[in-house]
Amino acid sequence: MDGPAHQTDTVMSDAAGQQPAPPSQPVAGIDNIPATLSHGGRFIQYNIFGNIFEVTAKYKPPIMPIGKGAYGIVCSALNSETNEHVAIKKIANAFDNKIDAKRTLREIKLLRHMDHENIVAIRDIIPPPQREAFNDVYIAYELMDTDLHQIIRSNQGLSEEHCQYFLYQILRGLKYIHSANVLHRDLKPSNLLLNANCDLKICDFGLARVTSETDFMTEYVVTRWYRAPELLLNSSDYTAAIDVWSVGCIFMELMDRKPLFPGRDHVHQLRLLMELIGTPSEAEMEFLNENAKRYIRQLPLYRRQSFVEKFPHVNPAAIDLVEKMLTFDPRRRITVEDALAHPYLTSLHDISDEPVCMTPFNFDFEQHALTEEQMKELIYREGLAFNPEYQHM
């Protein structure tokens, strides 16, 4: 879920010391968004920037636009039945592109399967007023205040305790995700949501994959700056270690307030990471195919830089953990469980409060070439699970 979420004046509290308030992002003078009852009062239509936003009548005014992405608009709204504020994402013409539709279905199924404090929860899939005219998908998520990307680019001070606490929560959520036999594959600061008391939740599972799957899916380009070397080199046999690499990049960006490897393109990305971690040895390249090995051998030889010298302001224990995350060979990269048990996180680590998912996620629905109509039906059923009263309407 992209885009900033609900604004708050609350000061973030309780990672340690003075906490940062989420950056304020005023929305241009929107106090009064026109609302019209529709479909016999069962739905309300809002007109937002010339776009129709049609939700069930329990989402009463006021409604506030809080983000916009390629997929459409995100609004905050109050569910009058539960008295909970939610972020509603509208995916317009959700079934026009089969890959996009499958991505939406995957995200819904994954988030409904997962139940963890550090993973954003789906609160509702809003059913369409008429089944036969089902084109737009509305997903309501629990509402968060901001995201890590907004915090990093703001001028607010972040204490080391903040960064440590954010890292711990990312790893805690990732432990659960990996235990469900799932890779996130697109971890980046904007996919890490925060609320006013520094709670962090991982979102955007549209690119997630089963951990045992070996074919490299190229339907979407994962954000380049956080991509593990094995993905940059088109290794088809990638593992949960790809997410650990992303976490290392994100943590250093938090500590340094700028991206660690801001590559302009594929080639530049690989060069940047080798300039820091050095050219891999033949032993470290064992997992790569011959083409990838040949490519690396013809590059200039890079000597590994000292992380301690390059980042003198970062706690040496944190540096030690990051070096283990940013290991070229995924087979030697630290696992999430071992990262949680690293001395840097001793003050936060509690294995009895780091749950795993008891049932692996089943990606079987991906194995079939679903038609547009079948995908509509599957998402419609997810909506009915939240709104059984619409079953016979």
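Backbone N, Cα and C define each Cβ position, glycine as well.
Taken from Swiss-Prot, the feature active site, proton acceptor applies to ASP186. Per Swiss-Prot, ATP binding site is recorded for ILE66, GLY67, LYS68, GLY69, ALA70, TYR71, GLY72, ILE73, VAL74, LYS89, and the stated evidence type is sequence analysis. For 60-345, the entry in Swiss-Prot reads domain 'Protein kinase'. As annotated by Swiss-Prot, phosphothreonine applies to THR218, with the evidence given as similarity to another entry. For TYR220, the entry in Swiss-Prot reads phosphotyrosine, with the evidence type similarity to another entry. Annotation source Swiss-Prot lists region 'Disordered' at 1-32.
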PLDDT averaged over the residues of the domain 'Protein kinase' (60-345): 92
LYS68 (ATP binding site) CB neighbourhood, other CB atoms within 10 A: 14
Binding-site residues compared (ILE66, VAL74) - the one with the fewest other Cβ atoms within 10 Å: ILE66
Alpha-carbon spacing, LYS68 (ATP binding site) to ASP186 (active site, proton acceptor), which is rounded to whole Å: 19
LYS68 (ATP binding site): secondary structure state under DSSP, collapsed to three categories: strand
Coarse DSSP state, helix versus strand versus coil, of the residue listed as 'active site, proton acceptor': coil
Integer Å distance between the CA atoms belonging to GLY72 (ATP binding site) and ASP186 (active site, proton acceptor): 19
Recorded positions: GLY72, ASP186 - member with fewest neighbouring CB atoms within 10 Å: GLY72
